[in-house]
Amino acid sequence: MSPHLRAARRAPRGALATAGAALLGAVVTAVLPAAGAHAVDGAHPDTPSAAQRSAPRAPLPGGLGPCQGSDCPDGDYPPINNGAIEHHDEAVNVFVGGDYRVRGRAAEAEGKIVTLGSFDMNKDTAGGQVYNVGEVGVGSRVPPPPGSDWLTTGGDLTVAPGQRLLAENGVVRHGGSARGDIRARRVVQDADAAAPYEHLRDELSDAGQCYAHPEGEGSRREPTGTAVHSGGQTTFTGDGSSRLQVFNVDFDMASASGGQEGLVFRNIPDGATVLVNVLGDRRVLSTYSGGITDDDPLNKLRSRLLWNFPDATDVRLAGTGQFQGSVLIGNQMSETTVSVPGVNGRFYDTGSLTHTSSASGGGGQEIHAYPFLGDLPDCGPGSRQGTLRVVKKDSETGAALAGAEFELWQESNGRPGLQTAGGEPDTLVSPPCTTDSAGDCTARVEPGTYYWRETKAPDGYELPARPVLGPVTLSDADLDEGVTVTASNKKGRETIGKLTVAKTDDADGQPLAGAVFELWRETNGRPGLQTGGVSPDERTGPGCSTDEAGRCTFGRLPLGTYYLRETAVPEGYQLPDPAVTGPYQVTAGNARTGVTVPLGNQRGEPGKGGK
């Protein structure tokens, strides 16, 4: 950390918890505050300084902000929708340095979520018993890749009785204990789950201070325009030319009684980054601005708008709007409450977060995953980053392989080769990364020397005898293009398993012959069974009918996830509704003995063939 950033911290930081150019809007000249209006930063918006026009620009620290991985959308994300998933994002969308709490009638948070502290879910069940993470019903529909980490906690993970945390197609990785109903592809206890992300807390705090207080406590970044609080709205008027539009706000963006108001931006050049420094110890932002559809003027700024709260210990985001833009809350002792219906952008909070609903009613509050693509003030070496990529291929065919897991380590102890244990190991700098359908794993890092370490081979392949690749050097000259290495795997002896249906009468437990089943393998990465439409799951072969012992067996199954679909029942019995059960996991651990699925049928008419 640079000395001036260390000195700039206004509040003590806590330890880890529990463990022509077209313009947007009307093009206007300087707006003078009306009588009684509250205006901040009187720099004339038509006269930006040379420093404002040419200051170095950089992304957020730690590679945060843009989409990561090889399956990103081209350019910005889709508007809010409930359509088919076409892209994935490996980047962190929600980062919490303290504890993450789900309260009230909050519904879901899209994208990859990391909290260094605990995750505690205790909702008002009048608004539903479920909280979705990773993939949501309505949002940008750009979730993390299937099978990757969707939720990571450094501390305990607690779900109240009768409630469900859903990350059904992802991994939930928790550092402490886990209690309650957690639905995920895998739930993994890992004491070091949050370790790869811990550096982000200080980096984000320092960046927030630098964006607002570049010369330390008491200083303010020179603005490029005015923020006027009057007439039921806050109006931000830019200078019309600077690529970085800076506004400093030292008032609540709410009515005098705490009610909601409008947010209006004027004279902002297309493609400009907008940095709003919200100053003060306690701040409320309550607004009706921002909409579901992207024809709302505020939505057009979303991917290049950053709301920076560098000092506040208490932040509240409320109102009825779809709040637009990314949020950075830099005080590590802060408590932030979000009750606005939607947050659309990255949410990086170094303190603690409560996602809840309005006290006056209403529910379904959501956080939607949208990238931050802006260019911010260069606040130090953390912004000098490039991309390291490892590509996994079949050693014989050269085909890309999904499902390999890698760790990225930085050379830090001065000894040749990679050391992962002992008194002075090298430094683990990246969370586990799983190769996608293109065989890619990527990480954004600063210049240095690194090692990729493969920890899991793709299904059906052997882990290499030498699983470490490197040293790999990223120099200043490589920052634009990055450095790519290729790793290959040989196919191993295929492990196959089996799945047996045991069909009985629900009433007396007697075996039933003549029930007919199909077996489908999960292949499209979407939760549940899809048997038609675009990219359905894969049927394994012909159906199977239960014998006199009530059994039928599907054999020679590759390891994977499967669903059973019952298509016909014995005479005098009813077809179950739903007729699909699963998912069932065929793993290396159960391949020898097989998976047995007990299923019952109820008596009733009509008979064989179903309802």
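Every residue, even glycine, has its Cβ placed from backbone N, Cα and C.
For reference, TrEMBL has these:
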COMPBIAS  48-61  compositional bias 'Low complexity'
COMPBIAS  214-223  compositional bias 'Basic and acidic residues'
DOMAIN    93-328  domain 'Choice-of-anchor A'
DOMAIN    386-468  domain 'SpaA-like prealbumin fold'
DOMAIN    497-578  domain 'SpaA-like prealbumin fold'
REGION    39-84  region 'Disordered'
REGION    209-239  region 'Disordered'
REGION    413-436  region 'Disordered'
REGION    525-547  region 'Disordered'
SIGNAL    1-39  signal peptide
Mean of pLDDT values spanning the domain 'Choice-of-anchor A' (93-328): 95
The domain 'SpaA-like prealbumin fold' (386-468) - residue tally per DSSP class, helix then strand then coil: 0 helix, 41 strand, 42 coil
The domain 'SpaA-like prealbumin fold' (497-578): DSSP-derived helix, strand, coil residue counts: 0 helix, 38 strand, 44 coil
